Amino acid sequence: MVPSGLPATLTAASSVDKVSMRLVTRLTIAFLTVVILMLALHEFRQLDEARADFERDMDRTHYLVATTLADSVELLIPREGVEAARKIVEQTGARHDSDVRIRWVCLEGQLDAPPAPVDCSTLSEPQTTTRTNANGEIRRFTLAPVRIADTTHGAIEVSEPPAHEGDWVRQHFNATLLLALMTAGGMALAAFVLGWWLVARRTRALMEKARAVGRGELEPDLTLPGQDELSQLAGEMNAMCRHLGAARESTARETAARIAAVEQLRRADRLAGVGRLASGLAHELGTPLNVIEARAGLIVEDTDASTPVQSSARIIIQCTEQVTKLVRQLLDYARPRKLEQQVFSLDRLAQTVTELVDPLATRRHVALKVETSATVLTQGDEGLLQQALTNVVVNALHACSEGGHVKVNTSVVHAREKKWSTVSVTDDGVGMSDEVRARLLEPFFTTKAVGEGTGLGLPITASILEDHGGFLGVESAPGRGSTLTLHLPFVP
Ligand SMILES: Nc1ncnc2c1ncn2[C@@H]1O[C@H](COP(=O)(O)OP(=O)(O)OP(=O)(O)O)[C@@H](O)[C@H]1O
Ligand SMILES: [Mg+2]
C-alpha cells in the first residue's frame, strides 16, 4: 500500500529498487550455494586423501620402530638373554608418548606377556591391523616378528589409537573451512557488487522505462551500453516505443478523420434538412412575397412622397427584400452546387472582392487593403469562391470598429500533409471567444442584432470550400483580432 503523503513516483522507484535487488540477492545466493557445494566436495576429497596420507605416514613410522626394535632384540637375546632384551623394549616403550604403546607380545614362557591382536605363530612378516577392544577403543597395530634361527620369540608390537589422526584432521578441516568461508564471502561480495552493477542498475532502467511506456511516454530514449541481453532488450523496448508511437499517431489521425467524416455527415444531414425547409419556404413564401412587393410598389407609385402611407409602403418593400434575401441565402446554403472548374488567380479574386466591398469599408471607416507577393493559382468555381471570400471580408469589416484594419493576402502553405493555395483575411477587430469559435460554422449562429445577420455567411463559405476539397482555417483571440484563411487546391 502506498503510504499517504509519500510521492507516488518515489514509492514506485523504491519498489523498482527492491525488485531488482531481490533478483541480485537470489543470483548471489544461488552462486554462493554452488561455490560452497564445490568447495565442500573439494574439501571432502582433500580430507580423504589427507587421512589416507596420515595413515600411511603413521604405518611407516610404526613399521620402522617395530622392525628396528625387533632386529635389536634378535641381536641382544643370544648375547645378553631374553630378560635384558625385554628391559630394552620396556625402556623404549616408556620413553614414548602415552598414546603410542610399544611392547613385546606373545613371548613364550613369559606368563605376563601381553596377548597379541594376531596369532604370532603364523606371523612371518611384519603386519599392520586395526582392532577394537571390549571397551570400544580403536587401535592401529604394527607387529614385527622376533626370529632367531627359525624360532619365533613373539613379536614387537607398536600401536596407537587413531585419535591423533582425528586431531590432525580436525585442524586441517578448521583451516580449510576458514579459507573456504573467506573465499565464499569474497565471492559473494564480488557477485553482489557485480550483480548490482551489471543487473540491478540496468534492470531498474528497464523497469522505469516500462512504467514510462505505461504512462504513455513513448520516446525511444533508453540507452544501455553493451551487447548483452539487457542491452538488446533496451533496443527492443526502443523499437517497441517507436512502433507504439507510430501506431498512436496513425490511430489519432484515423480518429480525427473519422470525427471529420461524422461531422461532414451531420452537416450534410443538416443541409438536407435546411434544403427541404428552404425549398418549402421559397415555394410557399415566393408568391405572397412577390404579391406584397408588387402591391407595395403600386402604393408607392400612387401616393404622395410626403405621406406616411408611402413611407410605410417603402418599409414594406424593404422588409420583403430582406425576407427574399434570407430565402435566397437559405437556398444558397442548402442547394447542391454545380462547380465550374477553372484555373484562376487568387490575387485577382482578392482584388475583385475588395473592390466590391470597398464602399462598406469606407462607410465603416476601416482601412481595407490587399497584399499579394507572387501569383497564387487555384482551381474551382470563381463565382462561388468570390461569394465565400466576400462573406469573410464583410465579417472582418463588421468586427472592426472605426479606424480598424483589414488585410487580405494570398500565399501557398503546407497543412494537413499537403500544399494549399490560400487567401487570408486578417482584422484587428473584436476577436472571438472560444464559444463563438466553436459555433462559427453552425447555421443561423450569429452574434449580430436581429435583422443584421442571418448566421449563414460562414456556413455557406465553409460549405463552398468543402465542395472544392478545401477548408476554412480560423485563428482568433478575444480583443486581438482574427485571421480566417480559405484553403483551396494548390495549382503550381
Ligand atoms: N472576423 C470576425 N471577427 C469576430 N467575429 C466574427 C468574425 N467573423 C465571424 N464572426 C462571428 O461569427 C458569427 C457568424 O458569422 P456568419 O458570417 O456566419 O454570420 P453573420 O455574419 O452573423 O451573419 P450573415 O449571415 O449576415 O453573414 C458572427 O455573428 C460573428 O459573431
Ligand atoms: Mg457574415
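Cβ coordinates come from backbone N, Cα and C, glycine included.
Remember, TrEMBL labels are computer predictions, not curated facts.
The model shown is predicted, which means the values in this text are computed figures rather than measured ones.
Noted in TrEMBL for the protein shown:
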DOMAIN    197-249  domain 'HAMP'
DOMAIN    280-492  domain 'Histidine kinase'
TRANSMEM  23-41  transmembrane segment
TRANSMEM  177-199  transmembrane segment
Who are the long-range neighbours of the transmembrane segment (23-41) in its own chain, taking Cβ under 8 Å and residues 6 or more past its ends?
180, 183-184, 187-188, 191-192, 195-196, 199-200, 203
Helix, strand, coil residue numbers for the domain 'HAMP' (197-249) per DSSP?
39 helix, 0 strand, 14 coil
On the 0 to 100 scale, where does the mean pLDDT of the domain 'Histidine kinase' (280-492) fall?
90
